[in-house]
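Written out below as structure tokens is the structure these notes cover.
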Amino acid sequence: MRSNYLFTSESVSEGHPDKVADQISDAIVDLFLSKDPEARIACETLTTTQLVVLAGEIRCKGVYEDGAWAPGAEEEIERTVRETVKAIGYEQDGFHWQTFRFENNLHGQSAHIAQGVDASGNKDEGAGDQGIMFGFACDETPDLMPATLYYSHKILETMAADRHSGAAPFLEPDTKSQVTLRFDGGKPVAATAIVVSTQHGKGYDEGAKEAELKAYVKKVVAGVLPADLLSDQTVYHINPTGSFEIGGPDGDAGLTGRKIIVDTYGGAAPHGGGAFSGKDPTKVDRSAAYVTRYLAKNIVAAGLARRCTIQLAYAIGVSEPLSLYVDTHGTGTVADDKIEAAIQGIKELGGLTPRGIRTHLGLNKPIYRKTAAYGHFGRKAEGDHFPWERTDLVDKLKAALA
């Protein structure tokens with residue numbers, strides 16, 4: 001593994017059109033799981049100028065059964081979508097939460113998919129699809145996330161909080177960030193470049209107002225990155241194309257699942273290709289990605305490695321994973337195959353079956369709306385939210401590998 005290099009990650013804000021789509025899709029997941037913890041949901045969202053479209057497949061007791069919606073269900077779906085967009089802050093001529101056109105094209109789940117996934121008789125619940133899923137952790141930040149992505153997220157979270165509070169009234173919802181760090185000995189030692197492109201109010205692309213916006217962004221960056229990473233050698237690119245008044249879904253169409261690297265590890269780890277948002281936790285694209293992060297984080301938190309990548313693989317309709325792979329990138333204190341064996345010996349994980357994962361992490365709950373902006377990983381485990389960020393396997397792993 002190289003020890004001296006430059007590495008870059010990007011993030012996008014809650015107002016980015018693809019993230020608007022992700023948040024709507026996950027708000028729908030939460031809505032259905034609040035009605036039926038065993039609901040099946042695959043909800044895709046399209047956002048564009050004054051239009052939101054939902055498409056996908058569902059099954060939910062008391063909401064959609066036998067090919068028909070329960071009374072009031074479609075109205076509740078539309079209300080949920082509009083409230084989600086309102087919370088983000090879109091009240092623009094080209095995209096306004098009160099006035100955009102809305103289309104609901106959700107329909108029933110395929111019976112052929114259901115028969116392969118549902119538990120029946122002596123058959124355990126199978127995986128909702130085939131696929132490979134990866135989890136990762138490293139010791140670059142306190143949350144055991146890649147530093148470049150961690151700081152990219154934090155810049156945008158700070159700006160969004162200031163926009164919502166009124167502290168930065170010139171900001172609009174659509175924003176992107178990018179952080180380049182120099183690493184020495186595998187540790188971040190300097191920020192070489194910071195990129196922030198933010199939608200703004202009228203007039204903030206010239207003169208004193210432009211200077212005010214750029215000074216504000218630099219202040220945010222200084223509050224997020226450690227002081228020893230910043231210097232007069234750090235290059236800033238703030239709205240490098242100039243004006244950015246037209247943004248969000250009015251500037252670019254948004255789709256669910258197009259920010260999978262932002263959602264995960266910022267390019268620092270492999271990705272199996274499956275998006276998370278809009279999917280209930282029987283879909284291993286989501287639940288297995290969460291449990292692999294959980295395992296990787298606990299391995300690093302236990303001091304068993306400085307970096308850890310984990311892969312799981314599944315077949316549709318089959319409950320047991322096809323493979324488990326651990327790679328500590330030469331930083332492990334014990335052999336990788338011994339860590340694999342220790343994981344397989346933890347009974348609480350239920351053999352890493354879809355139901356075992358969901359039961360151990362408590363995933364059959366309406367906890368997904370919060371995941372859909374600023375990353376699914378490196379967040380604080382609070383109450384039912386972000387349970388895959390807990391480090392409650394540390395003692396079990398240490399004991400198994402003593």
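For all residues, glycine too, the Cβ spot is worked out from N, Cα and C.
Taking Swiss-Prot as the reference, the stretch among 32-42, 109-119, 153-163 described by the feature region 'Flexible loop' is residues 109-119. Across the residues annotated as binding ATP (His16, Asp174, Thr175, Lys176, Asp252, Arg258, Lys259, Ala275, Lys279), the two Cα atoms farthest apart lie 25 Å from each other.
Inclusion criterion for the binding-site residues Asp18, Glu44, Gln109: a C-alpha placed within 10 angstroms of the C-alpha of Lys279 (ATP binding site); this criterion is met by Glu44.
Other Cβ atoms within 10 Å of the Cβ of Asp18 (Mg(2+) binding site), summed over all protein chains shown, number 22. Separation of the C-alpha atoms of Thr175 (ATP binding site) and Asp18 (Mg(2+) binding site): 12 Å, rounded to the nearest whole number. Checking each of the binding-site residues (His16, Asp18, Gln109, Asp252, Lys259, Lys283) against Glu44 (K(+) binding site), the C-alpha distance stays within 10 Å for none of them. In this structure the alpha carbons, written CA, of His16 (ATP binding site) and Lys283 (L-methionine binding site) are 25 Å apart.
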